[in-house]
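Here the structure is laid out as structure tokens; the discussion comes afterwards.
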Amino acid sequence: MAVRGGLTETGRAVAAAFREEWGRVVATLIRMTGDWDLAEECAQEAFARALERWPRDGVPRRPGAWLTTTARNHALNRIRRGKTETAKLRELGTMADTSARPDQGGLPDDRLRLIYTCCHPALPVEARVALTLRTVLGLTTGEIARAFLVAEPAMAQRLVRAKRKIRQAGVPYRVPPAHLLAERTASVLGVVYLLFNEGYAATEGSDPVRSGLCGEAIRLARLLHDLAPDDPEVTGLLALLLLQHSRHAARTDGAGDLVALEDQDRSRWDRAAIAEGAALVDEALRRGEPGPYQVQAAIAACHGTARTAGETDWPQIAALYGRLEAMSPGPVVRLNRAVAVAMADGALAGLALVDRVEGLEGYHLLHATRADLLRRLGRREEAAAAYREALALSRADADRRYLARRLGEVRRAG
Amino acid sequence: MHYLMLICGNEEWEPSPAELAAVIADTEAWVKEMDGRGVRRFGDRLRPTGTATTVRVRDGETLLSDGPFAETKEQILGFDLIDCADLEEALDIASRHPSARLGSIEVRPLWPFGED
């Protein structure tokens, strides 16, 4: 949306309101009209009006309430002008200024409803992510398409189909009932984590939209944590994202190349985020219901709290990966555990585990890991062959430069 | 909203008499509960796929072929028409049907004439 480019003070106020309020305005309008497209159009209209009015009248004291009221009035006019759907109109007509209405228990119910509906298991996984980005965060179809490297018309189709299924199949607009909450929350957490990873580990090329996805994922995780403070996996996910993102500034060098964890300038890590993440992990684990996000967050906390690479508690990390593998077995977890074991018990022990990982033959990091272990063991020719295999499979520019540099090193050393 | 539950299962499944009796009892219990709740409007078993004939009309010509539309192991064994508040309720009701454990159940909303 154009509001993002605002340079004036009020432009910035609208942009800030967009980030903070978009999901809430859309969610409220969906509840009132039951019409997803109408809700988005009216929210857009409200922000467009804000760009017009706020420079003249000043930024309202409660921008969210102003935007919701404006969007609601616009919806009311639209419905009046169109074929009157009396039920909708009656509801809108009797609706007080809903933005001022305190939500039950202080929870922003509408936004939560929106997130859970976007992540309903009756929708395809890729549609859940796209729909969450579109309706909860207000990303444009073009931005979402770029983030997921698909053509814009294809992404538009995906969104249209998802909204059509919500309407035609009667997907309910609500937070699931208590007996379904845990499993549905798992789907929501999965979407948020996927979103974060899209920004964190760009799988291909380089695109500026992606770094923004990490921030948006953290925002969603915070929202969920506010809403479900007693769910330790929700706490675990927020901790994990904060801890991963704390290294953001140190992960790439001046040329945009990836810097390995051990080589990162730790003074550039975000200490506040690490402290918050580590405290959240402790809080979650004290509940005694460990889950995959909590364990991954605990691993990230081990890295984050080590003052130097040499002080990293690798035996602890290897043990945590062992727990993670027991909880959610998978070849990528096994590979990560192998790396930790290599650090704790030596490259040979790690290599033995790497060679037992199955199902990742086409994954460049498997070959890159083997290559690094072989290099550490002084088996340069095998290392070079593995680096070449990793290079052939890697599609992200930064990964490719890192691998090419390492390949050059083992060649020269040999 | 009305939803059609297409009960899909493997016709080649050969249950022991005890297994069969348990499935029949579970199915009868489901039917009784859903009829009692006023949710289930109509439903029945279907004769095995060997009795099916598929009809297609192409270029004005009626083509009949023996057997079901799809050559898969799982076939539609029966159906139920249910009336629910939303998809959540329909999925909950379908998940209680014993065939959800043995095969699968496709749940689809009806599309009344005149609706877009």
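From the backbone N, Cα and C atoms, a Cβ is placed for every residue, glycine too.
Over in TrEMBL, the protein carries these features:
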type	residues	note
DOMAIN	A:24-83	domain 'RNA polymerase sigma-70 region 2'
DOMAIN	A:115-166	domain 'RNA polymerase sigma factor 70 region 4 type 2'
DOMAIN	A:184-284	domain 'DUF6596'
Could you please provide the mean pLDDT value for the domain 'RNA polymerase sigma-70 region 2' (A:24-83)?
92
In the domain 'RNA polymerase sigma-70 region 2' (A:24-83), how many residues does DSSP call helix, how many strand, and how many coil?
51 helix, 0 strand, 9 coil
Go ahead and report the DSSP secondary structure tallies for the domain 'RNA polymerase sigma factor 70 region 4 type 2' (A:115-166): helix first, then strand, then coil.
38 helix, 0 strand, 14 coil
The domain 'DUF6596' (A:184-284): DSSP-derived helix, strand, coil residue counts:
73 helix, 2 strand, 26 coil
